Amino acid sequence: MAAGLRKRGRSGSAAQAAGLCKQWLQRAWQERRLLLREPRYTLLVAACLCLAEVGITFWVIHRVAYTEIDWKAYMAEVEGVINGTYDYTQLRGDTGPLVYPAGFVYIFTGLYYATSRGTDIRMAQNIFAVLYLATLLLVFLIYHQTCKVPPFVFFFMCCASYRVHSIFVLRLFNDPVAMVLLFLSINLLLAQRWGWGCCFFSLAVSVKMNVLLFAPGLLFLLLTQFGFRGSLPKLGICAGLQVVLGLPFLLENPSGYLSRSFDLGRQFLFRWTVNWRFLPEALFLHRAFHLALLTAHLTLLLLFALCRWHRTGESILSLLRDPSKRKVPPQPLTPNQIVSTLFTSNFIGICFSRSLHYQFYVWYFHTLPYLLWAMPARWLTHLLRLLVLGLIELSWNTYPSTSCSSAALHICHAVILLQLWLGPQPFPKSTQHSKKAH
């Protein structure tokens, strides 16, 4: 009898769920004119786009020729580790020395075995296709929680980008691996799983160092949420994971590992730059130019932290205190506060990068709809925002890059930065608690 009751209970709950789903679809059909404009329909539109992407990605893999760039080099680098070489200065591929942290080695070792020692390219493409769909799913979950971007924009984020499909399934770069881990980390932060979020953030950094562009934003969020002392365990997770992952290589040659995997001064080739083509090559390679970009990067981060992110009326040094001891009572961080801080931090770093190569597009491609639509200035209409997206896509699809394509990219970046500065912020300006009480 008890078993029968459980069975009826399960069937009843399934019928109820099916009824709710049917009711939701009927309502969506009745409001179909709003379907592409209302963020509350993000998941429905996302499901349709993900299904479409399965077919598109399958078509790209089977109809568009694979281009070998770095895959063989990746496989040669991890093969050296498999053969017992732990000195990073001795690990090389066809395109040069190994310059990625230890997490890259472990993940691509798994891919090495899954693809018959790197020879089964079709298997590798299928794996990266799954990685692409997982990235879309994680990104859509972020947009669903922020509820700011109209769903029609997601078509341009999915089906309309040739370059991003190419980076994932036709080039097999390591950048998408780092970014899927980063988006998983952001989803965990949105779920208030700060420890796990920091863990996967550090794991993403261990695949490719570009994820550190999100680090200033993450540090600001940690200090806002926990204060200095409360942030130390989370920062310890980030640092500790790097040590654990890199331990075999640190024991063999610590300076070699650190200098190769975290080389902040690495020189980029002018021939591959997407963003600085209009400069003379001598200036592009000059250290003074690099220092000027770094200064501008840090200055703009500081301005955003002081004027746009920290709006409580207290000194920014108040973030170092325990939240319960601040003059302004702490409020839980909203999804938009978390996402806007991280995405803006990364975007500022992109704007002042010493060089952007074609595969770097995925560093910020999936964040562009949020940056353009979540905090729009009044003068930036839907049409202008779509024009900015289109020009950015065109700039990244111009090969080789030209002075015009690089200039257009910087103009679009400047427009986005301007509207981020002038538009409404997710951090509302607060007044002092004592004044409210008075």
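Each residue, glycine too, has its Cβ placed from N, Cα and C.
TrEMBL lists transmembrane segment at one of the ranges 98-115, 404-421, namely 98-115. If you look at the transmembrane segment (288-307), the same-chain residues 6 or more away from its ends with a CB under 8 A from one of its CBs are 216, 220, 279, 316, 344-345, 348-349, 351-354, 417, 420-421.
If you count C-beta pairs under 8 angstroms between the transmembrane segment (200-223) and each of 41-61, 98-115, 177-194, 360-379, the highest count goes to 177-194.
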